[in-house]
Amino acid sequence: MAEQVALSQTQTCGILWEELCQSYSFHQSDTHIFIIMGASGDLAKRNIYPTIWWLFQDGLLPKDTFIVGYTDSHFTVANIRKQSEPFFKSTPEEEPKLEEFFAHSSYMASQYDDVASYEHLNSGMNALHQGPQANCLFYLALLPSGYRTVTKNICDTCTSQTGWNRIIVEKPFGRDLQSSNQLSNHIASLFHEDQIYRIDHYLGKEVVQNLMVLRFVNRILGPIWNRDNIACMSFTFKEPFGTEGRWSYLSESGIIWEVMQNPLLQILCLVAMEKPISTNSDNIRDDKVRVLKCISKVQVSNVVLSQYMENPTEEGEATRGYPEDPRVPHGSTTDTFAAAVLYVENERWDGVPFILRCGKALNERKAEVRLQFRDVAGDIFRQQCKRNELVIRVQPNEAVYTKMMTKKPGMFFNPEESELDLTYGNRYKNVKFPDAYERLILDVFCGSQMHFVRSDELREAWRIFTPLLHHIEREKARPIPYVYGSRGPVEADELMKRVGFQYEGTYKWVNPHKL
């Protein structure tokens, strides 16, 4: 294997900048104004400000880019710097660059429903205008309840008259099909679809963005990517911690609403879609919508809902189950784990179960896609062989590996499980992977919507899950308990087994980068 030669930061950023200028309408001479609505919030300090800093540090932002924070809290730029800088991962040598970054930052404290405040914001934005035109990017780092008022005031008062205007909307995009449609219709009455960027940071993950290349560039995978060869698929999202500090967000509709309905379903689309006619954003999203239209509403009989309980053998947070969290209402039936089986009813995937699993307070942090292939006909090894699997690990330790059978070294003719492995940290030791938000925000500057959710995608996703969510809300059935730090409820394993997934538990992938 050829060794990867490390590029300097200047070389890497120079190459990327050249690609940006060739691929997109990316004008260095224009003034760009990045407005963060909700600048004092957790998302802004942990993700948005650090991301803008990394792009600024690497020279990937246009020269005249200004960051404007807007919130109803009485903060200053100094306050913003104090709370966000710990997430910058900066070094003492970068202090001059940091000073330059915050010199491009300003802050405004006012109410979100005060029209006069938006007029004042617009005056401040006009004062920053230094080029032939000004482009404005509004990031709504707000609770969804504030979207209507804020977008209306932005549209009426603050949009650029000489350049483009783009708006980033954070998930969740509604609570069900009706509320999502109402929100989409409201925003569509103010902005065109090519101005709206519905962001889900999982679509910016390196391995997720690699899915289309794996599928449509490698001839070895094309002929086997169908129901004739694949027995079932699982899409897994696991977190080792509970709801600590985030109860109010999760409690709305549970983990189906938070994780399964959007990030997992979006990854399913990339795995199941047909080959688009090009890498144009709308061509890709057209084929994602076609896949979603082939998925029927989730059947309650194909769903397991569960809620974590305390683990008396552990310490710390694990000793407190979800019902014991003082922020949780007594008798809450919110699910913290869910497993559901979907079917894509088309020629390629007819009969193949797509298993979606997500949960909190589990035994590990992991997000992955697992394709399990059909058994080999004519078994001559007396059922000693396990199914082949293609595993796409999104986090942690990004990897793509194929689990297959080989002869165990030694005197005897016995097969054992092994893998063909592309571990990103091992293969690309000298390559810096951009953060997911870094990729996506740069995409917004460039005008690329490939990795953002379109309104018709959103509508189809809610069509699939809304009946189930309404059933859960109506019935208020008590979820099945599982122990904090476990694999989840046994009933989820039984559901997977019932639809054809084979879990042997005899093999665990070892990250070679840590050996």
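One-based numbering along the chain as shown.
Cβ coordinates are placed from backbone N, Cα and C, and glycine is handled just like the others.
Record check, Swiss-Prot: D-glucose 6-phosphate site residues include K171, H201, Y202, L203, G204, K205, E239, K360, R365, Q395, and the candidate from E193, E258, E345, E347 also listed there is E258. Candidate binding-site residues: D42, E239. Fewest other C-beta atoms within 10 angstroms, D42. Listed in sequence order, D493, M496, K497 are the same-chain residues six or more apart from Y503 (phosphotyrosine) with CB atoms under 8 A from its CB. For the pair formed by K360 (D-glucose 6-phosphate binding site) and G38 (NADP(+) 1 binding site), distance between Cα atoms is given as 27 Å, rounded to the nearest Å. Most buried of the recorded positions K89, R357, R370, judged by other Cβ atoms within 10 Å, is R357. Taking G38, D42, K403 as the binding-site residues under consideration, the smallest Cα distance to Q395 (D-glucose 6-phosphate binding site) is found for K403.
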